[in-house]
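Enquirer: Here's the feature list from TrEMBL:
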{"type": "DOMAIN", "residues": "B:113-402", "note": "domain 'NADH:quinone oxidoreductase/Mrp antiporter transmembrane'"}
{"type": "TRANSMEM", "residues": "B:24-43", "note": "transmembrane segment"}
{"type": "TRANSMEM", "residues": "B:55-79", "note": "transmembrane segment"}
{"type": "TRANSMEM", "residues": "B:99-132", "note": "transmembrane segment"}
{"type": "TRANSMEM", "residues": "B:148-170", "note": "transmembrane segment"}
{"type": "TRANSMEM", "residues": "B:190-213", "note": "transmembrane segment"}
{"type": "TRANSMEM", "residues": "B:225-247", "note": "transmembrane segment"}
{"type": "TRANSMEM", "residues": "B:259-278", "note": "transmembrane segment"}
{"type": "TRANSMEM", "residues": "B:285-306", "note": "transmembrane segment"}
{"type": "TRANSMEM", "residues": "B:312-332", "note": "transmembrane segment"}
{"type": "TRANSMEM", "residues": "B:353-376", "note": "transmembrane segment"}
{"type": "TRANSMEM", "residues": "B:388-408", "note": "transmembrane segment"}
{"type": "TRANSMEM", "residues": "B:428-451", "note": "transmembrane segment"}
Amino acid sequence: MQDVLNQVGINNYIFLSVLLFCIGVFGVLYRRNAIIVLMSIEIMLNAVNLLFVAFSTYHEDAQGQVFVFFSMAVAAAEVAVGLAILVSIFRNIGSIDVSNLKKLRG
Amino acid sequence: MNTLIAITALGVICLIFELLNLRKILVPFSIVALCGILYLNSLDYNQTASYYNNMIVVDNFSVTFTALFIVLTTFLVALGHHFYDDVPEKLSDFVAIKIFLLSGAAAMVSFGNLAMFFLGIEVLSISLYILAASRRLNIKSNESGMKYFLMGSFASGIILFGICLIYGAIGSFDMRVIMEAAVSADVEEWFYIGGILLAIGLLFKIAAVPFHFWAPDVYEGAPALTTATMSTLAKVTAMATFFKLFFAMSGNLPETSQTVLVVLSGLSMTVGNIMALRQANVKRMLAFSGISHAGFMLMTLIGTQISAGTLLYYGTAYAFAGIGAFSVILYVCRHLENEDIVNFQGLGKSNPFLAFVLTTSLLSMAGIPIFAGFFAKLMLFSQVLESGHLALVIVAVVNSIIAVGYYFKLILAMYTKEPQHERTGRPFYIYAVATVALLLNLTIGLFPSLVTDLLR
């Protein structure tokens, strides 16, 4: 693993993760379909997981990989709640378009 | 440590109560158990210790803030007794979720490792997503839950990225290593980027400008009791966590970071207060008022001699005033569709006591003397003055005056107009919580040293 990391370089891993993270951020900000927004959030979290594993190898330290398990479990719980909210919205208004949610305006 | 285990166990016991058909005594039992946990928590005072490879660090900061969170949760659980009358079979779920939320809050102030911090903030946030969307058939509640979920998980992603960069820079999640790295001269610049991302994520959670835009919508749509939870417990928790992280990482921060904080806190107060002036919905108004209070709480981080005692006092004063106000809102809007100010007309005639509680709570938030809010602001302002930020104090004082404007709009509606609705019934728990919150507010207002001396 160390050889691969040395060949590729830790900086490239960081660039890749930042790129994936930004794709996720723009997905959250610009897409209106709630499912795609959920996927974008997953991309953000998984970009970080990738970077955790890369740093873990870089430092030759297992803590980072253990953290990935925590963050995966948390992401799963989060998405479960998010999908549940989405289902109840779909039952109420028959749409999963985030821009249809404008009952609350000041 | 024992506190955290006891809180989690209580949450599980609440769920078992439902199986055993003990729903009737669930709320009284939880209140007594939470008081027991409060006592258990107080045993750890003045005893610094760390558990599980420094995952959890118990010190005076964590003990005092956990005590505040336990008291707030007790109030929220008590208020829930009448609030869920229409869905009695779900009462135990709601009580259990609130207690799990408390365990997240306790983990957030007593973490010694960023893994524990992340788990704490996620337990707190996920519980709040569920509570915000808990009125399943009400589209407003759905919408508020969805918005909160999207913004919250977005913020969690940013926090996670921040943690990752800090780990990349120093190769550890341990707060002691982070503190050492913060004062050492040669540390990778990822460390600072990570710190900034963490700060952004937490500013999202405390709803400070410029990350406040979700708060009014979410506060308005969520069930009133959830709004109370968000605006008192969740806000103070996130602020205490921000304080702890800032304290750990502020080793050799440049001068400009202070400028950024001054600008953020000034903007939060001003934007929050000016937007609150034109709100007709009480929950929305309190959301903006919460944004301005987030600005005031950010002031505790400014200056050379930042003190946790001031934050604890401000947080306590704000949270008790919030609980008092929301217990009245819960009573007034029990059977109503919305929480508009019109609904509060004539409360002074029909329920003089509750009107008095709401008035005192609002005056305390505005910072009128003899209530705790006044002394909180006094301490805060004198501390910031000592560190030489005169302009910020002037902005803060002007904002306190603006705040009186919209608080008085509600107070005038209560006392000068005729009631529009019949208000019957005197729910015991709501009256009890309102009374206790009022007494606590007055007590810590008359004897501020009771709270500030806890963290010296």
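Count begins at 1; order follows the chain as displayed.
Glycine residues also receive a Cβ, built from the backbone N, Cα and C atoms like all the rest.
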Enquirer: Give residue numbers and ranges for long-range contacts of the transmembrane segment (B:225-247): same chain, 6 or more residues beyond its ends, CB-CB under 8 A.
Expert: 61, 65, 68-69, 72-73, 76, 79-80, 83, 98, 101-102, 105, 108-109, 111, 117, 120-121, 124, 128, 131-132, 134, 198-199, 202-203, 205-207, 218-219, 283, 286-287, 290, 293-294, 297-298, 300-301, 306, 308, 311-312, 315, 318-319, 322-323, 326, 329-330
Enquirer: Which of B:24-43, B:148-170, B:285-306, B:312-332, B:388-408 shares the most C-beta pairs under 8 angstroms with the transmembrane segment (B:428-451)?
Expert: B:312-332
Enquirer: Go through the chain and flag residues at least 6 beyond the ends of the transmembrane segment (B:388-408) whose CB is under 8 A from any CB in it; none is fine as an answer.
Expert: 262, 265-266, 269-270, 273-274, 276-277, 279, 285, 289, 292, 295-296, 299, 302-303, 362-363, 365-368, 377, 380-381
Enquirer: Is the transmembrane segment (B:190-213) packed against any residues at least 6 beyond its ends, judged by a Cβ distance under 8 Å, and which are they?
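Expert: That would be 121, 125, 151-152, 154-156, 158-159, 161-170, 181-182, 234-235, 238-239, 241-242, 245-246, 249, 264-265, 267-268, 271-272, 287, 290-291, 294-295, 297-298.
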Enquirer: State the residues, same chain only, that lie 6 or more residues beyond the ends of the transmembrane segment (B:259-278) and have a CB under 8 A from a CB inside it; answer 'none' if no residue qualifies.
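Expert: Distant contacts of the transmembrane segment (B:259-278): 203, 208-210, 212, 216, 285, 288-296, 298-299, 301-302, 389, 391-392, 395-396, 399, 402-403, 405-406.
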Enquirer: Near the transmembrane segment (B:148-170), which same-chain residues lie under 8 Å Cβ to Cβ, leaving out any that are not at least 6 residues past its ends?
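Expert: Result: 114, 117-118, 121-122, 125, 128-129, 132-133, 177-178, 181, 187-191, 193-202, 204-205, 211, 214, 218, 222.
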Enquirer: Could you tell me what the rest of the chain brings near the transmembrane segment (B:99-132), counting residues at least six beyond its ends with Cβ under 8 Å?
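Expert: For the transmembrane segment (B:99-132), the far contacts come to 3-4, 7-8, 10-11, 14, 30, 34, 50, 53-58, 61-62, 65-66, 69-70, 73, 77, 141, 144-145, 148-149, 152-153, 156, 159-160, 163, 166-167, 173-176, 178, 205, 218, 221-223, 225-226, 229-230, 233-234, 237-238, 240-241, 244-245.
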